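Undergrad: The structure's right below; bear with me while I get my questions together.
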Amino acid sequence: MSGSSWMTIPSWCPRYIQPQNPTENLTSVSEFFLLGLSDDPELQPLLCILFLSTYLVTVLGNLLIIQAVTSDPHLHTPMYFFLSTLSLADIGFISTTVPKMIVNILTHSRVISCEGCLTQMSIFILFGGMDCTLLTAMAYDRFVAICHPLHYMAIMNPHLCGFLVLVSFLVSLLESQVHNLIVLQLTCFKDVEISNFFCDPSLLLDLSCSDMVTNNIVMYFVGTIFGFLPLSGIFFSYYKILSSILRIPSTGGKYKAFSTCGSHLAVVCLFYGTSLGVYLISAISQPPRKDVTASVVYTVVTPMLNPFIYSLRNRDIKRAMWKLLSKILSS
């Protein structure tokens, strides 16, 4: 991944730290230090087991959803197509950060090269951006299904679904490259310690010697374009959905209509509530170590909970998963 054509890593490293004493020589920077979640040595084995278990559950759960949607013809619909794509993005999202953290714990090392840091940051933003845009596409899908049910299959045709996924990837790739270009402009760093367990782009900018006013403006602008615009699309879709549901005369009809959106709405609140909070707060000031917990929620917990949220609340998914598990066990 680090040698791909869309990342020009070698020209960026090494950079330099601005010395505290003006008489000191500038020190070459070839690596950063990830402070992780805890400095307590006794907690490291527990953290390793916990995050390894979480990672395996996340990957297996999302793979199971992908396989269930693929193998069951009844699930070959736009809603489940977006769900399986979201599961694939979640696997990539959590695989960007957790394996590196587990390796660091096992090797008793918190070092990451500047090339590795930029690579991790780029892939993290790519899959995180895909999560945001796919959740927006899923909200639009629910809007069409509830507000225009008679034209649902005509509007949400395979060409439009494929186009929305392609746009999701391209927009996320653009966001990743915008962050890359910003970081590549940095000439020096005040510190090499990143107060998180991965190369968070906002924290990396906080270490810069550059003018923080400019950094904050850039952070808010990028956050608005790639964060609040998709969220605005979700809010608009649910405004229309709620308006349509309230016009349904029967209570049972209202519950049935809104129940199809419950899982998606839970994931949106969990993901956006934590990720945007951490992103914007870190643009103002360096967060304390305890705030790393919020990063764990949207980078680790949310991808793990997605399969459970969607499978436990969806009878079609549960039926397809049980059928798949039965086939696997009987073979």
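Keep in mind that glycine also has a Cβ here, set from the backbone N, Cα and C atoms.
Annotations for this protein, taken from TrEMBL, read as follows:
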{"type": "TRANSMEM", "residues": "43-66", "note": "transmembrane segment"}
{"type": "DOMAIN", "residues": "61-310", "note": "domain 'G-protein coupled receptors family 1 profile'"}
{"type": "TRANSMEM", "residues": "78-98", "note": "transmembrane segment"}
{"type": "TRANSMEM", "residues": "118-140", "note": "transmembrane segment"}
{"type": "TRANSMEM", "residues": "152-174", "note": "transmembrane segment"}
{"type": "TRANSMEM", "residues": "217-239", "note": "transmembrane segment"}
{"type": "TRANSMEM", "residues": "260-281", "note": "transmembrane segment"}
{"type": "TRANSMEM", "residues": "293-312", "note": "transmembrane segment"}
Undergrad: Out of 43-66, 78-98, 118-140, 152-174, 217-239, which stretch touches the transmembrane segment (293-312) the most, going by CB pairs under 8 Å?
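TA: It is 43-66, which has the most Cβ pairs under 8 Å.
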Undergrad: State the mean pLDDT for the domain 'G-protein coupled receptors family 1 profile' (61-310).
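TA: For the domain 'G-protein coupled receptors family 1 profile' (61-310), the model's average pLDDT rounds to 83.
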Undergrad: Verify whether three or more Cβ pairs under 8 angstroms connect the transmembrane segment (43-66) with the transmembrane segment (217-239), leaving out any pair fewer than 6 apart in sequence.
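TA: They do not touch: fewer than three Cβ pairs between the two stretches lie under 8 Å.
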Undergrad: Counting Cβ pairs under 8 Å to the transmembrane segment (118-140), which of 43-66, 78-98, 152-174 comes out on top?
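TA: The stretch with the most contacts is 78-98.
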